[in-house]
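All remarks here apply to the structure that follows.
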Amino acid sequence: MDDELTLLPREKMLSFGITSLTDAELLALFLRTGTSGKSVFVLAQELLQHFGSLHGLLNANLDEFRYVEGIGLAKYAQLKGIAELARRYHSVRVLGDNPLLSPEMTKDFLQSQLSDAEREVFMVIFLDNQHRVVKHSRMFSGTLRHVEVHPREIVREAIKVNAAAVILAHNHPSGCAEPSKADKDITERIIKCCQFMDIHVLDHFIIGRGEYVSFAEQGWI
C-alpha cells in the first residue's frame, strides 16, 4: 500500500489498475500538465474542491471556469472533451443488441445525455419488443423552467421506427429532480396517446444534478 501512495497516477494505474485511482488522480491523468507554480495533481484537487465533484466539474460552463485561477481555454477544452467522450460512450453502449436491463443502467445513460443541459430537454428512448434500443432522440427543447411536449409526435416517431415501447426523460436545470404536477400530467397524456397504438411507456425519468426520479420506481407507471 505504501508503494501505491507514492506512485504518480500513470504508474499507479499501470501497477494497480485504473480503478485504483482517486478522482483527483484520474483527472490529473487527463490534464497531464499543471500551471505555473502548481503541479497537475494540485490543480486537479483544487478543481474538484471548487466544483464539488467530477460531475460538477465536467458540467461547468465557460463562465464558471473564468473564476478558477490557472484554467485557460486549453484546459477547459480538455475537460469538455472528456465529458463529451463519456456521453458518446454511453450513447453507443445502449444501441445494438444489448437491452436496457435495469433502471440503474438507464439512469446512467440518461444522466450522461441530459445532466449538462442548461435548458429543459425532453428525450425519448425507443425500444423494440425485447427492450433493445432502436433509437434515442432529444425530441423537444425548452426554457430554464419549461419544455413543451407533443405526445402525438412521440407516437408518430415510435411508429416510424417500429418501437414497441418507450422510455421518457427530461432534465431539471435547477438540479432538483422532484417532479411537478405538469410533469405528471404530461406523462399521463403520453401514456394515453401511446395506448391507442399499443405502445408501452415503461418509465419517465427526471434528471437533476446528481439525482434522479424514476416514475416506475415510485409506482406512478
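Yeah, the Cβs are placed from backbone N, Cα and C, and that goes for glycine too.
Looking just at the domain 'MPN' (99-221), the mean pLDDT is 92. Annotated domain 'MPN' per Swiss-Prot: 99-221, in sequence order.
According to Swiss-Prot, the feature motif 'JAMM motif' maps to 170-183, an assignment based on sequence analysis.
Per Swiss-Prot, the feature Zn(2+) binding site maps to His170, His172, Asp183; the stated evidence is sequence analysis. Packing around Asp183 (Zn(2+) binding site) is summarised by its Cβ count: 19 other Cβ atoms lie within 10 angstroms of its Cβ, all protein chains included.
Beyond the ends of the motif 'JAMM motif' (170-183), by six or more residues, the same chain brings 114-115, 117-123, 144-147, 149, 204-213, 215 to within a C-beta distance below 8 angstroms of the stretch. The DSSP secondary structure for His170 (Zn(2+) binding site) is strand.
There are 25 other Cβ atoms within 10 Å of the Cβ belonging to His170 (Zn(2+) binding site).
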